[in-house]
Amino acid sequence: MEATRANDTGQTVGGSLMERSNFASEIPIFEIPGGVHPEEHKTRSNQADIRTLSLPDELIINIKGQAGNRSIPVVEVGDTVLKGQMIAECDGIFSSYQHAPTSGTIVAIEDRTIAHPSGLSDQCIIIQPDGKDKWCQLTPVRDFDQLSREEMLATIFESGIVGLGGASFPAHIKLKRESGIHTLIINAAECEPYITCDDRLLREHSREVLKGAEVISKLYSDIDIVVGIEDNKPSAIDALVSARKELGFSNIKIAVVPTKYPSGGEKQLIQIITGKEVPHGKLPADLGLVMHNVGTCFAIYETFYLGKPLIQRLVTLTGDACKEPGNYWVPFGTPVSHIINQTHAESPKRIIMGGPMMGYELPSTEVGIVKATNCIIMSAEGELGFDNPTLPCIRCGACMDACPASLLPQQLYWHAQADEFDKAEEYDLFDCIECGACAYVCPSHIPLVQYYRYAKSSIKNNRIEKTKAEKARQRHEARQERLERVKREKAERHRKAAEARKKAAQKAGKKDEKKAAVQAALERVKAKKKAQENKDDNKPATGEEK
Amino acid sequence: MSVLSSPFAKKPNTVTQLMLWVVLATLPGVFALVFFFGVGVIVNLFIACSTALITESIILKLRQRPVAPILWDGSAFVTAWLLALALPPLLPWWMTVLGTSFAIVFAKHVYGGLGNNIFNPAMVGYVLLLISFPLEMTTWLPPQELAAHPVGVVETVGIIFSGQGSNTATIDMLKQGVDGYTMATPLDHIKTQLAQGYRLPEAETAPIIKGLSGVGWQWVNLGFLVGGLVLMFKKVIGWQIPIGVLLGMGLISLPLFFANSDEYLFPMFHGFAGATMLGAFFIATDPVTASTTPKGRWIFGLGIGAITVLIRTFGGYPDAIAFAVLLMNMAVPMIDYYTKPRTYGHARNAKESS
Ligand code: SF4
Ligand code: SF4
């Protein structure tokens, strides 16, 4: 089977220089709509072995360095910590624990610029390394067969493991659902140009990655494992095959998918491997699927086999300005300026965190890397970006042809730029995965994704405003209601009093109308008197009635 | 600090490049036009393009927009280029100027400039001229090989600019110069003949109807077809619209032809006559005014093809691409609305609610 030609359904436009694997996919694969073939630039960083950087003078650990809530610091300024020691605990399950990436002293807990395109500041724990890099007590749980499902999930949670594919979503949440899961997909379809950390990790640590996948598979009773990998990583595929053989994991299948961006997107890879789409508003788990990135599998391996929490990750350091491109183990919190120094980058023009398709430009180099950081591109003049002016949309539809979600990016753009957010939503704005394929092909160079992000955040803000307004309205209505009720009750009392008088009049059995009128007048006067005597607030009004 | 937004990867195309490709791809057709109908074609191109660039500059100035970058997008140039290719070779210069500037000012900038116009500007200019000057707009030179008096460069320029050639040949004299044949295009000729009660085989005996669709015209159309296919394979244009146009023509003309070949033209004739290929590959595919969804592009193309044949057959104008394009332009918002593709993960028949 290995000898046959790879299932070649995709073109390789613009990537002809890259090696392609001849390994035949072991399961049938499907096509996705759209997609683009940007120049790959992968050989720049995937040639060298994984290396480590020297420790910086300080680590800037952003406590909101993952998806979900901020972590809560559990250390104080002046504390000394050991490598691997917990320094911030989670705030609810949609959050993550954080651990000291090295031994040293907590020198500050303060706001620092964080890795975000806006250049915002947020709370960070600053550790000054002592240079000893001394681990705390590690407790591996190798016989995880003995652990209950809950204990295994807790281990993953407490090790601070989040998805390392780029979204940094807490890993245990994806693993919560137990029943109905039949396939674990290992995402090795690293489709962003430039990024090679998964590729390199597989080449050097395939066994560990597969062992990590096996740990995940223990969470389920009967599960298939499929590794989805793009055909531009022949060495990684070879490494996987031999690791699988060595470990005797015959239940693992390798799905070789054509190189095309964004094949590595979760929804896209699911479509390629299963032919199914994750229904709108549903999760992969609803299809019986759970997907984890190779880096996450490796982290799970380290946690279970070595007892190590997640304190560092493999980061691709690359770009034309970077003099020693490659993949490095980078402790969380390492300042980007230190990375630039250590790789002898020469006056980089732009620093991109993440890949060129979905990453963002860092406004400052004094930010610490976070769990989501898979790549730092130190670009040289003219390497990335372009000075082409933005022209009007000519409705050429190139964006639509490139969109993997089958959206109409030109319509989304039209409505987003006109602030017609409800129309944008009608065109399924929230199904946009922000892959940037549309903006990549746009001949008018419209920063489409920027408009979608703007529209999405405006809609979300509007919703928040709306719920706020709604609450205020409800409060207001409740108050009105209360006042109304008081008024109604008052009126009711008056009505009853009037009725009582009428009855009394009838009882008196007056035949003569005049007499009756006189009688009524007398009654009124009487009542008035009585009212004055009682000093009842309501009485005067009653007296005037009729 | 200006921070760019992703993606940062170098992008493959620019609007200017696309426009350039369109112009280059017309060249085979342009050569054929010049070969059969003389240098008037080139003079028209020159007049139209300079008019377009000047008009566009003035308008941009008036609208206080940056002139150079927008001129550089090439869209005004392409509008003029395509319009000029649809004009008769000896059209008086001021008509070309009028049509072009009308296209730029009214069909484009009144709507807000590139990208905002609903109607294909070149076709708006063309239709304006056709309605205002029907005689001039349907008066073609005979193909050079049939002309008793081939028109040289100097005469061409003279006629276009002053209505007077150097050999004191006026356009009227030229008209008489061809042995009794009108200067109509083959489509025009057939239309007139049929109207006069002749049957199609009789009408087709005229010398200008040699070959597939008339002397010269088949080569002109072949030229535009070749260029159009190049654009298609270079992915400058999508394939749904041009194929849709040709298919739409076939779908109407084939049954008609089989029903009565004495009265209705052979489908191939439609395909290679008049402005068919120019229209299908270069005009209908104007992205700004065409439908933008994959299914919508089909409907748009099919509609243009069908309407063209219907007007040619039953309507008052010999060639009808321009009307068909404008009519379908009007339908685009509706087509686009009802042909929204199914988004990933959404149910198959889901219509947007409300
Ligand atoms: S690719 Fe750009 S110019 Fe073309 S339709 Fe999309 S947004 Fe408009
Ligand atoms: S960014 Fe959104 S609209 Fe653009 S191609 Fe990707 S999914 Fe489609």
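Just so you know, the numbers here start at 1 and follow the chain as drawn.
Including glycine, each Cβ sits where the backbone N, Cα and C put it.
Which of B:144-161, B:216-233 counts as transmembrane segment depends on TrEMBL, and there it is B:216-233. As annotated in TrEMBL, transmembrane segment covers the listed stretch B:296-314 rather than the other ranges in B:68-86, B:296-314. Contact between the transmembrane segment (B:320-338) and the transmembrane segment (B:118-135) is present: at least three CB pairs lie under 8 Å, with pairs separated by 6 or more positions in sequence. The transmembrane segment (B:20-47) is not in contact with the transmembrane segment (B:296-314), judged by fewer than 3 CB-CB distances under 8 Å for residue pairs 6 or more apart in sequence. With pairs at least 6 apart in sequence, the transmembrane segment (B:296-314) and the transmembrane segment (B:216-233) have fewer than 3 Cβ pairs within the 8 Å limit; the two do not touch. Packing against the transmembrane segment (B:296-314) from elsewhere in the chain are residues 187, 191, 238, 240-253, 256, 264-265, 270, 274, 276, 279-280, 284, 290, 320-321, 323-325, 327-328, 331-332, 335-336, 338-339: each is 6 or more residues past its ends and has a CB under 8 Å from a CB in it. B:Thr185 (FMN phosphoryl threonine) has a Cβ environment of 24 other Cβ atoms inside 10 Å.
The list of residues near the transmembrane segment (B:240-258) in space but at least 6 beyond its ends in sequence, with Cβ under 8 angstroms from a Cβ of it, reads 228, 232, 264-267, 270-271, 276, 279-281, 284-285, 290, 294, 297-310, 313.
Taken residue by residue with DSSP, B:Thr185 (FMN phosphoryl threonine) is part of neither helix nor strand, so it is coil. Same-chain neighbours of the transmembrane segment (B:118-135): 79-80, 82-83, 86-87, 91, 95, 98-100, 102-104, 106-108, 111, 283, 286, 288-289, 317, 321-323, 325-326, 329-330, 332, counting only residues six or more beyond its ends whose CB sits under 8 Å from a CB of the stretch. Long-range neighbours of the transmembrane segment (B:264-284) within the same chain, counting only residues 6 or more positions beyond its ends whose Cβ lies under 8 Å from a Cβ of the stretch, are 22, 25-26, 29, 82, 85-86, 120, 122-123, 185-187, 190, 200, 212-214, 217-218, 220-225, 227-229, 231-232, 237, 241-242, 245-246, 249-250, 253-254, 256-257, 290, 300-301, 304-305, 308-309, 312-313, 318-319, 321-322, 324-325, 328.
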